[in-house]
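Features of the protein shown, as given by Swiss-Prot:
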type	residues	note
SIGNAL	1-22	signal peptide
REPEAT	214-240	repeat 'PbH1 1'
REPEAT	241-262	repeat 'PbH1 2'
ACT_SITE	255	active site, proton donor
REPEAT	264-284	repeat 'PbH1 3'
ACT_SITE	278	active site
REPEAT	294-315	repeat 'PbH1 4'
REPEAT	323-344	repeat 'PbH1 5'
CARBOHYD	460	N-linked glycosylation site
CARBOHYD	472	N-linked glycosylation site
């Protein structure tokens, strides 16, 4: 178990040093640059500003032939402008305000020169008629970018209305949607150090904003909207990615506000407004007997308004793997169906899915300070597998009642764990709060460190980086296969644990993979 550390403000300015084992006090372990950059990520929130000296690196799409009248095809002009801007350091590709530019499918490919900004102040719109699209996979695709910013006060409109028509039908009381033929609006692949800020995304034919194989991403102050009945129009989808920070976003669509898929870890969501939609979903995981892994997800501050679900974890029968180290706290529900839902029997087939023995393990999930009203009788539903019960489920300070004011209920099937404080509705088979058994490997950390690796103070938000290593992990900088060390990012109140992929030893300048 990681050593707890509460730092007074005076210590925030201290430099954090990860000390090596007692046998070698001179060796130091440093985070590799990408993780360090993530920990310092708030410093990247400043607005992109350009001096007069930088003005030569502004690339206005109009100068490359784009016509912002909402009629002309500007696809080639956007592509040409991108290629020119991509080659220049500190470039800004500008879509000017008060104009509407129609484009077809575009592939914005990297790598590009550092500090590249795509600033959208006007409207970028897709073709309304699906027959006019070049393909039905992705509208605006970004790939292989590092240190890239997509920002502005403009709109990116997927014009999805004609795509949605006839895509869904009801079979045996269940809505079945054909989602194979509609494109995603925006997708990022194989990119690091991204900032998405300030934009309004709307009416995507299918998913609005998707990230695959990305790392170190901040999404700040964007809005995503689509009609309540628009099929599969997820707001933000994340898969096979890590180190994400979503802050102060507003999402209301016909599906998940945020969906976190397999291979994702270290996802922080703060101050989200969600609704309409299907809430925040982890999953679905384990489809077609696949293995799935999701870990270290922290939702701190969210409001769900008239959503079909609130905080949902969904897995298919027959899968394997694990969803773990998940924290939901400081959440408000307003007339939301299924405010708290774990469903290990997720199924979209028109007929009932076959019962299977294996399942994705769900463990170490915390719900803290969840309040509001439920539109369904069972405000808490823990529907866990009998062959793979949910472990270490923790409920603390829960107050959920029906929208009508009546008492709600809790459904608990095969979920084991604890409760503390007032939990309404009460859940059977959960024990009163008890001390968790300490892991032997982390019972007595060898060292604790604190250095200038992400420790800083900004307003009311303080972050301290802590580290600990198991007692049998010595001389880390001298081994070829060092054991894992645990880092804890103290994020407001609730710590978020994080296992780095690489360590760099400053003594030798080598990178080791734990």
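Using N, Cα and C of the backbone, Cβ positions are placed for all residues, glycine too.
The residue listed as 'active site, proton donor' falls within neither a helix nor a strand when secondary structure is assigned with DSSP, and so counts as coil.
The residue listed as 'active site' counts 26 other C-beta atoms within 10 Å of its own C-beta, drawing on all protein chains shown. Within its own chain, the repeat 'PbH1 1' (214-240) has Cβ neighbours under 8 Å at 34, 37-38, 41, 44-45, 160, 164, 167-168, 177, 179, 182, 188-208, 246-264, 267, 274, 276-277, counting only residues six or more beyond its boundaries.
Summarised as a single figure, the pLDDT of the repeat 'PbH1 5' (323-344) averages 98. Look at residue 278 (active site): DSSP puts it in coil.
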